[in-house]
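Novice: Annotation comment: TrEMBL describes D104 as Fe cation binding site. According to TrEMBL, the feature Zn(2+) binding site maps to C110, C113, C150, C153.
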Amino acid sequence: MGKHNHSHQEHSGDSLMDAASASLIAAGEQWTNMRADVFEELARHEKPASAYDIADNLSAKRGKRVAPNSVYRILDLFVTNNLALRVESSNAYLANSHPGCTHDCIFLVCDDCGEATHVDSDDVSRTVRAIAEQRNFAARRPVIEIRGICASCN
Ligand SMILES: [Zn+2]
Ligand SMILES: [Zn+2]
Ligand SMILES: [Zn+2]
């Protein structure tokens, strides 16, 4: 988990696509057309998207049916390699705006509009990981999500 003074970079648009492909290639994986399409589609969504949402949109774009299962496998690869974040309570995914930098991302998930606001707090995740460590539990991925009502729905 990142130190306090690392050079944290948030990306969007083309720079996000470049950062994502660079991270995946650095991990020894290929940046195929299909993977690029899934990532682009994911990044286009402002709210967490499911494998089904992405498969539907990609099927329309590519003019042939894309199976949700193949999208799911790519999303799984993205999560493993820090390109995508899984919002557990929404059973959906967001493009990771910081693919070059690993954090235990925290989500504020709106019960009304479904928007998931992404925040990073190393202090919070350190505390959560310490709880696991005290019990000799090997924490792999803390899931920290707050359900509620966002500012625009309030
Ligand atoms: Zn960072
Ligand atoms: Zn984050
Ligand atoms: Zn809302």
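Positions of Cβ are set from backbone N, Cα and C atoms, glycine also.
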Novice: Inside 8 A of the center formed by the CB atoms of C110, C113, C150, C153, which other residues of the chain have their CB, for the recorded Zn(2+) site?
Specialist: D111, D112, G114, E115, I149, A151, S152, N154
Novice: Checking the binding-site residues D104, C110, C150: which ones have Cβ within under 6 Å of ligand 3?
Specialist: C110, C150
Novice: Cα distance, D104 (Fe cation binding site) to C113 (Zn(2+) binding site), nearest Å?
Specialist: 24
Novice: Would you identify the secondary structure of C153 (Zn(2+) binding site) according to DSSP, in three states?
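Specialist: Reduced to three states, the DSSP call for C153 (Zn(2+) binding site) is coil.
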Novice: C150 (Zn(2+) binding site) has how many other Cβ neighbours within 10 Å of its own Cβ?
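Specialist: Other Cβ atoms within 10 Å of C150 (Zn(2+) binding site): 16.
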Novice: When DSSP states are folded down to helix, strand and coil, where does C110 (Zn(2+) binding site) land?
Specialist: strand
Novice: Mind telling me which of the binding-site residues C110, C113, C153 has the densest Cβ neighbourhood, counting other Cβ atoms within 10 Å?
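Specialist: Within the set of binding-site residues, the most crowded position is C110.
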Novice: How would DSSP class D104 (Fe cation binding site) in three states?
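Specialist: Coil, per DSSP.
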Novice: Hey, how far is the residue listed as 'Fe cation binding site' from C110 (Zn(2+) binding site), Cα to Cα, in Å?
Specialist: 19
Novice: Report, as a single number, how many Cβ atoms besides its own are within 10 Å of the Cβ of D104 (Fe cation binding site).
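Specialist: For D104 (Fe cation binding site), the 10 Å Cβ neighbour count is 19.
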